[in-house]
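Peer 1: Take this structure, written in structure tokens, and hold onto it; I'll ask about it next.
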Amino acid sequence: MTSTATKSSYPDRPRKALCRNPFLSIKFFVFCHGLLQLSQLLVSGYLKSSISTIERRYGLSSQTSGLLASFNEVGNTLLIVFISYFGSRVHRPRFIGCGAILVSLAGFLMSLPHFITGPYEYDQSVASMFSNTTDLCQPEGPESQGNLSDTICAPHTARENHEVLLIMFIAQALLGIGGVPIQPFGISYIDDFASEQNSPLYLGILFSVTVIGPGVAFMLGSAMLRFYVDIDKITEDEVQLTNKDPRWVGAWWLGFLVAASLVAVSAVPYFFFPREMPKEVTSGKESGSKKSEDLLSQLRSKSEQVQNLSLTKFIKHFPMVLLRNLRHPVFLLVVLAQVNLSAMVAGLATFMGKFLERQFSLTASFANMIIGAVNIPGAMVGIVVGGAILKRFQVSLKQCSAMCVLGMLLCLLVAFPLLFLGCPTQKVAGVTYSESTDFGLHTLECSFHCNCPEKAYNPICGSDGIEYISPCHAGCEVVNIDSNSVLNYTNCSCISRNGPGGFAKPGTCGTDCSHLLLPFVVLSCVAGILASTSHTPSFMLILRSIQPEDKSFAVGIQFMLLRILAWMPGPVLYGSAIDTTCILWEKKCDRNAACRYYDNNLFRHRYLGLQFFFEVGAFLCFATVYMILRRQEMEARNVPETKTDPEKKKLTESTTKGPESKV
């Protein structure tokens, strides 16, 4: 969209009248777009902050939850290519508003399963308004007073689980489709109508919001998961669990309602912005010389030649541009490096909260607070530092690649000790610890007479320091309560070693290595900062190593490959690796549901091992890019003297610094 066309749209309006209308101000558009992007990231990021809670509530495996987390990329990937074609051909603000409405609808749909399913049920020792069953040892109890876990799988239960998954997957697909026009159309709209001086500032504001948004989402998750899941169905006095109980499920749905409402409010202004607005004029002298303006007009004319293609020609033209860029070694290797880093980030963002919960016995709320307040701001610092170094020292392409290599090498050195900073699996009777195996897994000789159901799950910590799956498995016959909350269990036949009378307290024994949490968080934050320093230099390597007329396509290809090769398979790969470390599954309708106990050492090694693997892959790609650029620079210096000076200069610039001399 050129400024000439824009000026002709408002020939007779005084500039003061235009300034009074906020919908003709690019500054107001930037404000609205920043708010919308933040709200959109709240919806998409909030799922990752509550993924372990949703797993526990609906009995999902990590592989299934990873697929759910990445499913929004499916709709996004299918449409992102056509967005690069339509560009300025459509009413961009209205398209952004329609996309925002779809995102809002997706957020409300994500919370819908809470309202169409019954209250959360869990094994308990005290009768409640939902059940009069108990999980105490009942050697002579009648059949009617069995445990809640003994309930038969009804057909509607299985159907209900399938409906929940279907709704969530549809919501994720809508989230991906709705998010397609928001950032590309917003950026192009700002670039068209902002002044050349202010455009970088406005885009920098939007990119900073993109980084901050996930951190805000995790902080929102930390706040919402402090509330009980059925806070709208029962009173606070009827809740028998605390947020430290492994059976606790927080109000995961509440954050989706908050985020979706914010998106809906943010979408309204876009229906009032015009298709075109007056070009922003800055005070003082016009920026740039006539020479730079001529260069910009040449570059725009080349890109407009591509944009003005018909849809048929566009589809035919796209594979040619794709192959031309993929044959470029620097472009291909940098994109592969970014694929490795994006796959690492996708898995870490989805399951880091779960990892901290299991490894260090943290609540979901506290784990989210650590990620939102430490890890994500650390990544933002790394991105800013990388960009500041580029601006301060005016580095060349080879120096950009050297920055990426150095950042990834230091990241590897800092991240390697994380493989050994963790907690061993706690002793769980019948699962990870047993004095006698005569009665098989999950069955203890001391509680064999209790006829404990296999599906029981109400962890208690015995006075002997060993964890039991339920009071029944510990042989406990008496529960002491105070104001509807459990104080302790007594007369536990499996706990006492010197005769009857052993006792236990409710809840898990934990991993008992909280002293390792601080060094783990510090090292992971430093590793994130170092890896993030390569973010801006890697983008410069792509933008400065390709032909100017291919920039728009190349960036589109880059994001398409990142989605297909990283953001879509990344969470599923991490989730599958996590599932292989499970040692006790919850059973629902004779199928594996959520995992109850993991092998912590195996969990840590496979989860962080994948992270280390992707970091090594990114390091090798960046190192190869550096060697290619170094070789090209050496070849440029060895050009035969028979060549004319302009030819030698042109070759040197194209091989060492790309189309532009400095970054």
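The backbone N, Cα and C atoms fix where each Cβ goes, and this holds for glycine too.
As the structure is a computational prediction, the values presented were derived from the model and not from experiment.
Marked as transmembrane segment by TrEMBL: 23-47, 67-88, 95-116, 164-189, 201-229, 249-273, 330-353, 365-390, 402-422, 516-533, 553-570, 607-629. The annotation domain 'Major facilitator superfamily (MFS) profile' is assigned in TrEMBL to 26-635. What TrEMBL records for 440-511 is domain 'Kazal-like'. TrEMBL lists 477-524 with the feature domain 'SWIM-type'. Annotation comment: TrEMBL describes 637-652 as compositional bias 'Basic and acidic residues'. As annotated by TrEMBL, region 'Disordered' applies to 637-663. The compositional bias 'Polar residues' annotation in TrEMBL covers 653-663.
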Peer 1: Spell out yes or no: are there three or more C-beta pairs under 8 angstroms between the transmembrane segment (402-422) and the transmembrane segment (201-229), with each pair 6 or more apart in sequence?
Peer 2: no
Peer 1: So which of 95-116, 201-229, 249-273, 516-533, 607-629 is most in touch with the transmembrane segment (164-189), counting Cβ pairs under 8 Å?
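Peer 2: Counting Cβ pairs under 8 Å, the winner is 95-116.
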Peer 1: Do at least three CB pairs under 8 A connect the transmembrane segment (516-533) and the transmembrane segment (23-47), leaving out pairs fewer than 6 apart in sequence?
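Peer 2: Not in contact, no.
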Peer 1: When each of 201-229, 249-273, 365-390, 553-570, 607-629 is checked against the transmembrane segment (516-533) for Cβ pairs under 8 Å, which one has the most?
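Peer 2: Ranking 201-229, 249-273, 365-390, 553-570, 607-629 by Cβ pairs under 8 Å to the transmembrane segment (516-533) puts 365-390 first.
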Peer 1: Taking every residue in the domain 'Major facilitator superfamily (MFS) profile' (26-635), what is their average pLDDT?
Peer 2: 81
Peer 1: Using DSSP, what's the helix, strand and coil tally for the domain 'SWIM-type' (477-524)?
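Peer 2: Per-class counts: 11 helix, 19 strand, 18 coil.
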Peer 1: Below 8 angstroms Cβ to Cβ, which residues of this chain, lying six or more residues outside the transmembrane segment (365-390), approach it?
Peer 2: 49, 208, 211-212, 214-219, 221-223, 225-226, 243, 250, 352-354, 356-357, 400, 403, 407, 521, 524-526, 528-537, 540, 663
